[in-house]
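In what follows, a structure is listed as structure tokens, so that the remarks can point back to it.
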Amino acid sequence: METQRASLSLGRWSLWLLLLGLALPSASAQALSYREAVLRAVDQLNEKSSEANLYRLLELDPPPKEDDENPNIPKPVSFRVKETVCPRTSQQSPEQCDFKENGLLKECVGTVTLDQVGSNFDITCAVPQSVGGLRSLGRKILRAWKKYGPIIVPIIRIG
């Protein structure tokens, strides 16, 4: 009788350990990677967008150096998305779409949570201020210098 109780008790402990072992991997599987969380945020941005085409992740800044591994705490993110050739109404994944030549580029910043079940994000995307204006101004100055520099330099030396 005593052996039967010990055997039953051992069986219960084995069952508890087995259940605990099965529960642990599923708990850790609920945390998304930093990149996966951003890709989910991009999907949500595409769903809420009123623009014609889907956007796809172009570049992701490295994750912040944090000691906190809690997937429920928002993590700061910074990334860039670019317009693709796929219409927003298509059911295609943005990752399968080619980037549109001269497609619109957007810089996005905000926070994401890595929790797979209740993943939240607060992302703002904007078209970056054009540095092309500065480039074209620089080119104009360079062209003017090449054209008028040989005339101006002797005048400056005389004066």
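We count from 1, first residue shown onward.
Positions of Cβ are set from backbone N, Cα and C atoms, glycine also.
Here Swiss-Prot flags 1-29 as signal peptide. Feature annotation from Swiss-Prot assigns pyrrolidone carboxylic acid to Gln30; the stated evidence is similarity to another entry. If you look up Swiss-Prot, you'll see Cys86-Cys97, Cys108-Cys125 marked as disulfide bond, on the strength of similarity to another entry.
Everything Swiss-Prot records as a feature, shown here on the structure.
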residue: Cys86; record: disulfide bond; DSSP (3 states): strand
residue: Cys97; record: disulfide bond; DSSP (3 states): coil
residue: Cys108; record: disulfide bond; DSSP (3 states): strand
residue: Cys125; record: disulfide bond; DSSP (3 states): strand
*Calculate the distance in Å between the alpha carbons (Cα) of Cys86 (disulfide bond) and Cys108 (disulfide bond), and round it to a whole number.*
20
*If you draw a 10 Å sphere on the Cβ of Cys86 (disulfide bond), how many other Cβ atoms land inside?*
21
*Quick one: give me the count of other CB atoms within 10 A of the CB of Cys108 (disulfide bond).*
21
*Cα-Cα separation of Cys125 (disulfide bond) and Cys97 (disulfide bond), in Å?*
20
*Could you round the CA separation between Cys108 (disulfide bond) and Cys97 (disulfide bond) to a whole angstrom and send it over?*
19
